[in-house]
Each structure stands twice: as structure tokens, then as C-alpha cells.
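Quick look at what Swiss-Prot annotates:
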BINDING   80, 111  anthranilate 1 binding site
BINDING   80, 83-84, 88, 90-93, 108-116, 120  5-phospho-alpha-D-ribose 1-diphosphate binding site
BINDING   92, 226  Mg(2+) 1 binding site
BINDING   166  anthranilate 2 binding site
BINDING   225, 226  Mg(2+) 2 binding site
């Protein structure tokens, strides 16, 4: 599709067909479009607002172009779109250790920051984790720690063509929405946080279109892309071909309604400090938000468990020291694997 025709169509607020969307995403991901053309496309899509069909088509192209990794099943991913502008610490990354410590295999898909102060990769590198691992090394992490981090640039090399445009735009774009939809381990269960409740049903429907077995798509009424400790959060759950909407408040599960001030960070260093305090068993708002969001993943991963029981499993994973042990064990394992590969 010629860029001029594409831009005219989007300027007139006309949605793209699935075929058109696949063609355009392919052009963005193969260097056919320039940085200016990619940025223009992303900005116009944001103004028009992306549809279920457009996102499904885009995700299919991204999945086709990805370097896939087979880590077996069942697996879960806990991921947010980002773009909420709130600069909270890396909650979903912290939850990954808790959920893995609860005995659930986690394939955490993440990247460096584009629009926030600390992406999951920024935080993990600050903590000393090695992210550039081979497929067999990633499998080793899953086998030994129940958890592996899938560094997006390694699995989505085509994304390099859009990186400059995204960075120069500096705003939330289509790719924030796509990130949670293109886990290279092809997970069938996911907790996905979105930056606005307007996107809940859309993202849940796209996940269903892409073959998800079960998903929870979450947004809080104060604009977080996760379950909040400062407001009610809305959930759209997809399971067995059906969608269900429900709400979560911290008070419903014996947790305090708290200000977000205590969980805002300015850097990966601050985010790491908060995560380590939570995993060490410290109480407070950071622990509470990790409990709530870890519970969402446990609830999504395990059939027949209540949300109350999921909160308790998350609490035990932290207070037993297992989550902290998982953090330290995985960090050491990634360092050891990296040294071994460097000596080969």
C-alpha cells in the first residue's frame, strides 16, 4: 500500500482491512517504510484508534516475523502495555518472581523503556541479570527457576526498523498494544495490563482471536496498566470462549487503599530497590500491589482457584522467602550461563 494512500485513508478516519494492515506492518518491519513514514503511520493510527481487526492482523505479522521459542506448556506471561504515564515501579516484573515461586512457569516478555522511566529490561540489567541468552539457556532458566525473561529485541529483530520512529515520537503507539500480543513463547495464558479501560474488551478479543485459552485484561480507574492500590480496577476475563467483566478493589482482599506516591520511581535503581524490599518481605503499598497482580496471574494460570486463594498463594510465595530465592537463583543462573557460553 502506497504511503500517500495509507495516510489519506487514515486522515479520513477509515479503518484498514486486515490485508491492508498486514501489508503496512510488513512494510514497517522490513525497512520499506522510512522513519518518517513509520512515525506518521503510528501517529495517524493513534488519532484514529486501532480496531480489533487491525490489531489482530498486525500481531499475526509480528508473530510470523518473530524468532519463536518452544518452552513447552503451560506457561503464563504477565505484561503491561506501558504508556500509562504514571512511572510506577516494574510491578509485572516483580510479580514474575512471585508467580514462579508459587510453582507456575512464567515466560516474561519485555524490553527496554521507550516511554517510561524503567522498562523491565532496564531494571533486570540494573540488577545484574544477563538477558542475551540462547534458546537452550532460556529453556534452562525455565527448567531450574520456573521463570525466563524473553528480551524482545532478540526475538523480534524486525522491530529495529521502528525503533527510531518510536523513540522520536516518544508517545504511546500501536506497538505498546502489540507488545503483549507477540510473546515469542506463544503462551496460551496471559495477564495483560492496559493503560485505559477503553481497551479492555478490544485486547481481550484480540487475544481470543490469536488463540488464547484464558486471559485477564486489566486496567485501573486511576489509569494504571495493572491492578491498582489506589482505585478500583476493571477486569475482562476470557475463558472457554466467553468474556466476563468484573472489578477488583484492594479492600475486597484485606489490603489497604493507598496513594500511588509510594510506588512512583525515577529510575531503574529505584524500581530495583522497591522490588527487593517487597521480595524481602517488607510491608506497604509496593507489597500490596505485587500481591494483587501476582494473584491475578495465579488465578489465570490455575483452573478452579478463587482470587482469595490466589492472594494467599502469592503471600506465601513472598513470606516463605521463595520469591526472593527465585530472584537470586535466576540472576546467578543467567550470569553463570553467560560465562559458560563466553568460554566455549
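Any Cβ shown, glycine's included, is placed from N, Cα and C.
Here the features listed in Swiss-Prot are placed on the structure.
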{"residue": "80", "record": "anthranilate 1 binding site", "contacts (Cβ under 8 Å, 6+ apart)": "91, 92, 180, 192, 193, 194, 195, 225, 226"}
{"residue": "88", "record": "5-phospho-alpha-D-ribose 1-diphosphate binding site", "contacts (Cβ under 8 Å, 6+ apart)": "224, 226, 260, 263, 264, 265, 289"}
{"residue": "109", "record": "5-phospho-alpha-D-ribose 1-diphosphate binding site", "contacts (Cβ under 8 Å, 6+ apart)": "77, 79, 150, 152, 155, 179, 180, 182, 183, 184, 185"}
{"residue": "111", "record": "anthranilate 1 binding site", "contacts (Cβ under 8 Å, 6+ apart)": "119, 120, 121, 151, 152, 153, 179"}
{"residue": "112", "record": "5-phospho-alpha-D-ribose 1-diphosphate binding site", "contacts (Cβ under 8 Å, 6+ apart)": "119, 121, 122"}
Three-class DSSP secondary structure - residue 166 (anthranilate 2 binding site)
helix
Across all chains shown, how many C-beta atoms besides its own are within 10 angstroms of the C-beta of residue 166 (anthranilate 2 binding site)?
21
Cβ atoms near residue 92 (5-phospho-alpha-D-ribose 1-diphosphate binding site) (within 10 Å, other residues, all chains):
26
Around the Cβ of residue 225 (Mg(2+) 2 binding site), other Cβ atoms found within 10 Å total 27
What DSSP gives for residue 111 (anthranilate 1 binding site), in three states, is coil
